[in-house]
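According to TrEMBL:
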- 67-88: transmembrane segment (TRANSMEM)
- 100-126: transmembrane segment (TRANSMEM)
- 138-159: transmembrane segment (TRANSMEM)
Amino acid sequence: MLYTLAGGGTLCGVAALVLLIVSTATDFWMQYRYSGSSANQGLWRFCINHKCHAHTITVAFWDATRAFMLLAVLSCFAGVVLGLSAFTNGTKNRRVRTGGIALVLSGFLALLALAIYTGVTVTFFGKRFLDWRFSWSYILGWVAILLAFAAGVFQLCAYRRTTAEPAPSNNQET
């Protein structure tokens, strides 16, 4: 049962890691109309008429969103590595537990990043641009949050399962 829970947690963690990397690196968090042209923006740059430009303004919400997303990627990577190392070295209870905590932390950090981005986008860009919508990278970020939380819960359940099972007895009845 432990290998099933830990394996499921590691598999969900790998999927969450891939989705977090893709959503952080791409430029499709929001799409809108700007001067009659379609435009999109990501965490690192914005594109208008297929020409991309780096964000030149340092705004606190951009920096906070970027920092939380990068920390979420690093935490998810640590959780996946710890989950995989639990299989290679036999079942190490501490590694499974620590990997589960890292994966839950990853989901929480990504949740903070997307909450900040959502709040600012709805209040600021929602008033400025009439024709706007969240795009696929943003949605992948939410899917990654769900997978990271699920992976962490699987890892923590695997840890609880191994600590709850009694150790096999070595008594020989004669």
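Here the Cβ of each residue, glycine as well, is placed from N, Cα and C on the backbone.
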Q | Same-chain residues at least 6 beyond the ends of the transmembrane segment (138-159) whose Cβ lies under 8 Å from its Cβ atoms | A | 1-2, 5-6, 8-13, 15-16, 19-20, 22-24, 28-30, 69, 72, 76, 79, 83, 93, 96-97, 99-107, 110-111, 113-114, 117
**Q.** Contacting positions for the transmembrane segment (100-126) when only residues 6+ beyond its ends and CB under 8 Å are counted
**A.** 9, 12-13, 16, 20, 29-30, 32, 61, 64-69, 71-73, 75-76, 78-80, 82-83, 132, 134, 138, 141-142, 144-146, 148-149, 151-156, 158-159
